[in-house]
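Visitor: Among the features that TrEMBL reports, disulfide bond is placed at Cys275-Cys284. Taken from TrEMBL, the feature domain 'HYR' applies to 91-172. Residues or ranges marked as domain 'EGF-like' in TrEMBL: 248-285. Per TrEMBL, the feature domain 'Ig-like' maps to 290-357. The annotation domain 'GAIN-B' is assigned in TrEMBL to 703-884. As annotated by TrEMBL, domain 'G-protein coupled receptors family 2 profile 2' applies to 891-1145. Annotation comment: TrEMBL describes 893-915, 927-948, 963-982, 1002-1025, 1045-1065, 1093-1113, 1125-1143 as transmembrane segment.
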Amino acid sequence: MVKNGDSSGDDEGTFKLQCGNLTSTTDKGLTTSSTVIITPRVNGSVDNHNFSIGCTYTSHDAFYYGDTWVACAARDDLGNYATCDFTVNVKDGDPPCLACPDVTSATDQGLRTSSHITINPNASDNTDLSPSVICSHTSSDVFQFGDTNVTCNATDESGNIGTCTFVVTVQDREPPMLECHVQTAIADQRQIAINAFIPSVSDNLDPDPSVNCYHTPIDLSSLGDTNITCEAKDYSGNIANCTFLFTVQNPCKVPNPCINGDCSYEGSGPYQCACHGQYEGDHCDVIPEPTLPVEVANHPKNQTVNMGTTVQLTCGFNNAESYAWYKDGHPLPNKTNQSTLVIQSVSTSDIGYYFCRGFGNERFLDTERASIYVEGVTNIQLSNLKFNLTSNDVLSEQTSARYLEISLNITKFVLEGLKNDAAFKDMSPSVVCNKLTRQAVVIADLNVYIKNSILTAFHELDLVSQVLYRLAENSSGFLDVSSVEIENTAICKNMTWTSSRFGLKINFLEGENGTWANSTEPTEVCPFNTTNATQPIGRAICVGDLISQSTWRPMDNCGPFRNVSDLLSQFSEVEVSDENVAKLSEEVSVLTSNTDDIVSDDISSIATIISNIGQFTQTNYSEKVTASIVAIVSNIAQVNSTQLESASDSVSKVVSVFEKRIKSIPVEAGGNFTIQQPNIAVQVKSVSTNAILKGLVLSLTGDRSDLTNSDTSIQTSKGDHAEATQPNNIAVVNIPSAISFALPSISRGSSNSGGYVRVIFSVFSSPALFISKSLKNTSEGTNRSANTPVISLSIGNETIANLTEPINFTFTPIETDLTNPSCSYWDVGFRDWSQEGCHLISASGIRPPDDDNCDPPSDEKEKIVCGCNHLTNFAVLMDTSREDGPSEQAYEVLTYIGCCISIVSLLVTLATYISNRVLRGKQTNQIFICLCLTLLCLYVSFIVMMSLDSAKRQCHVKAGPCGFITALVHFFVLSSITWMGVEGYNTYLIIVKIFDTYIPQFMVKAGAVAWGIPAMIVIITGAIAQDKYAHEDLCFLQLWAQIGGLFIPMTIIILFNVVIFALVVRQLMKSSNVAGRVEREAKVEHRESIERVQNAICILLLLGLTWITGYFLMMREFSQVVEPIFIVLNSFQGLFIFLLYCVRKPMVRKQWGLTCLAARIRRQDVTTSSSGTHSSKNTSSSAATDVVLVSMSKIPKEKSIETFV
């Protein structure tokens, strides 16, 4: 039994004393034993505690024969205790003999005592093997430093006792504990560090061990490192040593005490900091309060006051350290930090500009300047007055005594001269010196103020000038006015102003302050289309504060532009006459120059106007009017096409008037008339008949976007057609010599040889004025329109047609990279383009419609040459591709979505059918798997093909890879359709024929047909078509390759499947009639009807009859309706197959459920088997598989039509 004492006050003091029963024998010849060793053990929390253990018997005591009960007790230095007891069994023994040697030991680590001394005297006896030994100290005792006497007694069974005494010596062998640490000191703190560097020392016995330290060098005041060695010795002679490093650091080294500055150190004393930027303080760690920028709180105001009144000006600043008042740029004395400037009894000397200047943050800020002027005073400025005075002072400081002295003398001299003149007798003049400068003489700027004047500003100026000149003449050289400038501040000088609205320079003459003036040029008046037409363009007012020179403030005087439509409507009602025809035509050309303002109704008005002008000028030709009409037509050609189309009849009328006007241009024999506007170039030339007999070349070169600077020429042909190859040609016409046979004036005989014929050559930069309502979309995604300049040609006054040799026209297309050019002329009667009598000769650089090249050769410029057997207006019609509209973009996105969904659906479908041996074992399902696999490949290759067609007519893939992708799509389309044909044939055998349907190795033969025949078609088509096989910009079949290699095989298979579909549906209907012989409820019949419809839809999908909708896309009338249907049916076909052949079928759904169940069981098995054996894992897994297989084997193998589909 073990008992523990009270352990209060010692959280770690609880322990146990462990004892065990002992067995011994008596000493030889005796009945006792003295060899029993009593060693109770202490268990539990014993750290750092001293224990005393006592027992009822000790080691080497003599134990008598029999059982002896022994009790032990232990107590620690905190008062906790524990006890134990045990039995010693002794059989016999001899009295002992004791041997007690002295014991020497060292103190325990850090203590004054030793607890590891063993007290074990040697007791022996000839009869008692274990005599009883009792000592004054035991091995568990703690022995103090020094000597301790120990006495031991040995007692045998007969009571004989042996005694011995020995000395236990505890010695101090432990050196003192000396702790040295690296010492670091900053230079100005090193004395403190030196005093504190003595290391700490302690000893287990000596309370004050001696410590001695030494170092080299002796002086520790210098910067750097010093090794210091210390020695500690206790009174037992034990010695401890340690060495440490003492470092004296530069205070400016790491860490830098100047946090935001530069540190300097002189070798003694504290460091110095030079702070950066705005930082301050001993360590540059203080940021002063930010100084806000100076702001103006209020500005002084302009004032015009009466003479002698008091004036107050106020100013104010925020955040200013100080501020001061200034006049005319010079500081006023004693006017610092005064928010209000008071001027008592204002006089002319106080006239000027005043402002405040605020100072702060090493900057200054000025208020707005305020003017002070005296009411009723005229200010006449005199500049560059030269006075014959000398001065050593530079006169830069207006407050200097010399400056004031000279200023006073000059103003007094001039003022007396004015007052003494009779002209100023009643005007009370005054003179103020404004500025003095020193050169060889003193130059002064003065202000003469005149009060109570009733004269005009100009008269006042003349009077002052006269008096000043007289004063100079009488000054004996004191005053020199040879370079004087005299100005009255109330007069605005002559000014030239540029009107930004019209870009014209206009003038304003001199005028007095406060008066208005109009611009003076009689010819520069407001245009007719402004509200103030015929008025002066500019108007100005003379303004000023009379301190400085007054100036004109000009402004536009014409008012806003009038509405263009109103003006044109007004002009259309004007009766044309000799007086107004030129002006009217010019004004209409101006109005039409801003084409953004022209609408369809305006074009009708313009047609009426120029028609009226044309009728009037038939007998009154004017070259100026002709130029205006050509400009009007050129302007209309830039009007918005929608507006032109809305007024097509009026446009045709405008063109007709233009042509009549050109034909009426008088040209002298051999002369020519040329006029060029941005959109029209015209040349009328009188050509000799001899030149016509040789043939003519008409050419227009330059920039088509602006024909103003183009070059138009009509010259004799050289026969080499070199003109047509010029790089900057816009249009070229080659007229053969045979045209002379169509001109009666030449063909009638030689009497007209040497005569002249008028040739009119006109070029319209665009076909905008030739509006055809019959041009519609020729195919989906393209427009057909005129794409060249329009060439207009006439020779003489005859109608030329049915020429035996055509006239050649060379055109440069407006838009490049278009296709399908056709040469056309403008049929005036039908107002439409016609190809009659015109044909295409050549089209260099033009891509044919079925060409697969993405771009024409870069070194070949597009040129189109047409031949026509008559004369009129000519152009070339071409196919213009349209950008994809919102519907096309939506269809493309829908196609991507459908194909991606179908790919996922087909992958799930294939995984379902292939993974189940029951499903994949049927021949019908094997055909279905092959069809799904082919469709999957088709969708993938089709998405790749679409992704490469990011932009029309741009090659993204080289010819080889593009042809390969085209062949893949071609093959998988044919293979899918063929597998649908195989499916159709198999459906026929199962549903229609039923009996005698076995075909040996059916799937091998079906695969050969469904994959072999498409491969042969692709190879044959590619071999025949070669470079006409695939479009490089689309990576799909070209037209004839589509027809021969795709449409025809698809049509054959789809027709076959249509027949199969009809037979199957007929058979389904027959099966319902047979079932109907048995009377059933209406609900059952309704359910079976729904199932038959679903079966028909399934067969429809499998047979690929949705592809029939693709044929309707070729019919333009149905394309917009059929296109989204075709996209949905075929791009989502994989999804439909998944829904109808997986989701709808109970057998497939059951398989999915069992597959999920098997997976679930396997997961449970894995969890269970983690705690079992390997064999149990196999058993559980096998069981899970058996459950699924058994369940699947129980699925009924239906043989109905519903199971097939």
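Our numbering is plain: 1 for the first residue shown, then up by one each step along the chain.
Note: Cβ is positioned from N, Cα and C throughout, glycine not excepted.
Mind running through what each feature is packed against?
Guide: Secondary structure at Cys284 (disulfide bond), as computed by DSSP, is coil. Here the Cβ of Cys284 (disulfide bond) has 21 other Cβ atoms within 10 Å, regardless of which shown protein chain they belong to.
The DSSP breakdown of the domain 'HYR' (91-172) into helical (H, G, I), extended (E, B) and coil residues amounts to 0 helix, 39 strand, 43 coil.
Per DSSP, the secondary structure of the domain 'Ig-like' (290-357) breaks down as 3 helix, 37 strand, 28 coil.
Long-range contacts of the transmembrane segment (893-915) within the same chain, counting only residues at least 6 positions beyond its ends with a Cβ under 8 Å from a Cβ of the stretch, are 925, 928-929, 932-933, 935-936, 939-940, 942-943, 946, 1124, 1127-1128, 1130-1135, 1137-1139, 1141-1142, 1148, 1151-1152, 1155.
Sequence-remote contacts of a segment are chain residues at least 6 beyond its ends whose Cβ falls under 8 Å from one of its Cβ atoms, and for the transmembrane segment (927-948) they are 892, 895-896, 899-900, 902-903, 906-907, 909-910, 913-914, 920, 956-957, 962, 965-966, 968-969, 972-973, 975-976, 979-980, 982-983, 986, 1003, 1006-1007, 1010, 1034-1036, 1102, 1133-1134, 1137, 1141.
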Visitor: For the domain 'HYR' (91-172), what is the mean per-residue pLDDT, to the nearest integer?
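Guide: Averaged over the domain 'HYR' (91-172), the predicted model reaches a pLDDT of 84.
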Visitor: Cβ-Cβ under 8 Å from Cys275 (disulfide bond), same chain, 6 or more residues apart: which ones?
Guide: Cys258, Asn260, Gly261, Gly281, Cys284
